[in-house]
Amino acid sequence: MSETYKDFLKKLTEVVGDKYVLTDPAATKRYRTGFFFGLGDALAVVRPGSLVEYYKVVKLCVENNIIVLNQAQNTGVTGGSTPWGNDYDRPIVIINTLRIDDIEIIRKDTDEPQAVCFAGSTLFKLEEKLAKIGREPHSVIGSSCIGASVVGGICNNSGGTLVQRGPAYTELACYARVNDQGELEFINNLGIDLGDGSPEEQLARLEKGDFDEKDVHNPEGKLASSRDYKDKVVLVDADTPSRYNSDPERLKEASGSAGHLAVFAVRVDTFAKPKRQQLFFIGTNSPEDLNDIRRTVLTKFDGLPMQGEYMGASSFDDAVRFGKDVFWVLDKFGTKHLPRLYSLKDFYDRKFGRFSFLPSSETIMQFYADCLPNLLPARILDFRRKYQHFLILTTTDDLIDKTDSYLKEYFDKHDTGSYFAATPKEAKKALLLRFSVGGSLARSMHVLKNETKGMIALDIALRRNDDQWAEPLPAEILEHLTHVNSCGHFLCHVFHLDYLVKKDSPYSVEEIKEKILAFYRDKGAQYPAEHNVGHLYHAQPALEKHYRELDPTNQFNPGVGKLSKFKYWSDVPCSCDHHKK
């Protein structure tokens, strides 16, 4: 390490303290390694404890020509939260913001209170805080269970299970950017008057809550959520998807920035908690049944369902087998303990992962999972024996009775499927089963490593009028796959498609992936839908334009979207031929 970097690292420790500047590769590995994909070197991992410290660290990095990679819980599944290889032109500092997790509730005396969420605040903490006032955040299951941050969701236009709320979005944020002259700019678009002081002074005021309701403004036309989504999702005859990451309408400053800004805080809407809710578990052997149900509940009811989650039979089976430990922890101890399970896994990987003669952490966790009892209720297991397709449909308040009556009438006329109104215990376990699908493919890849050369995890937004969502891949692709799993947010027509590539396939994992994506492009699909491009997908023109306008020097998180990793976006072709098209 050069003397220049030693001086730089010393300045970092003066800002945050020696304990919070990590340079040892073993200590930084958990921050440099993605949830599913991603790994690279970093000069340091810095963990600021305040917004002021965060700003000072960013400023030091900019002054020393160091790449800034902002990260919170590192739950991204497309590699966008970590370095990707070691072919950058500048050193990287990862700034982990989890220590900066405060949340301020504003507009408390109105019918629509809002939340100001700092850089490292989590959905779980926001959900807990809002529950005390009878409100909910944008997302209440899924990424919230593994500690995902509010700001991370905004920066990646994350989706979620809740049909009425659409992708995470706000036009009210406070952030720093580097302009085309290489100068760090501080921008306060929160709609909160923090005075005319220096960036450090304004951030200190925000952090201390040194403002009152008269300082909180509602800028005309500025949104703090995707309020129009409920009008889009019901257009079931439209030949475009309802939501996807490169939708230009969802790219606004921090929203969709994918790490190309240093976002200190966002202001988001909160949502009324329903008085009653009821989960209906639907099973069928006919995809057409689910088409009928989707079309009816989105267009014929006086309001939207809360959620409509799909699982295919193989996803169901893999969640039961490979997601059982996650299911068990969530069922017995609740969502707040799941991050501890992953921390334990990270600890084992750091300490013992270098010893090839020891089993991997995934192998050990699967061993214990195999010893656990099956916790699924009898009615859900019985449906799995009968059916191939499953829909978890949750409605609230006045829609509950109407949904029950409709489903009863429908399946009285269609013997291809059935449904039941779940008890609270069954409802909880049905949702946990759906959530457990997410990590089951990665686990299966480790357990079945002798049968596969790698996994493909796709995030696809189908056209709203695509009734052939269950259409199988062409035989010439299927013959190279050993696992084909499908689940997703069915009413939104967003699907998560997971595959394992056979060990003996003559094609690489990337080649198979491109064949699958071509199939979905021909269907008019968009991708990614809600996990953002990370380093797995090419950024479409609207997304690339957004990144370049926010970050003209490519100072923050370069390389996402398979774009340039170099300063000022130097033209560096990617390894495939996509850039020539």
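Every residue, even glycine, has its Cβ placed from backbone N, Cα and C.
Heads up, TrEMBL stuff is auto-annotated, nobody curated it.
As recorded in TrEMBL:
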type: BINDING; residues: A72, Q73, N74, T75, G76, G80, S81, G142, S149, G159, A258, V263; note: FAD binding site
type: DOMAIN; residues: 38-245; note: domain 'FAD-binding PCMH-type'
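The secondary structure of S149 (FAD binding site), as reduced to three states from DSSP, is extended strand.
Per-residue confidence over the domain 'FAD-binding PCMH-type' (38-245) averages out at a pLDDT of 94. Ranking the binding-site residues N74, S81 by how many other Cβ atoms lie within 10 angstroms of each Cβ puts N74 at the bottom. Counting other CB atoms no more than 10 Å from each candidate's CB, the binding-site residues A72, A258 peak at A258.
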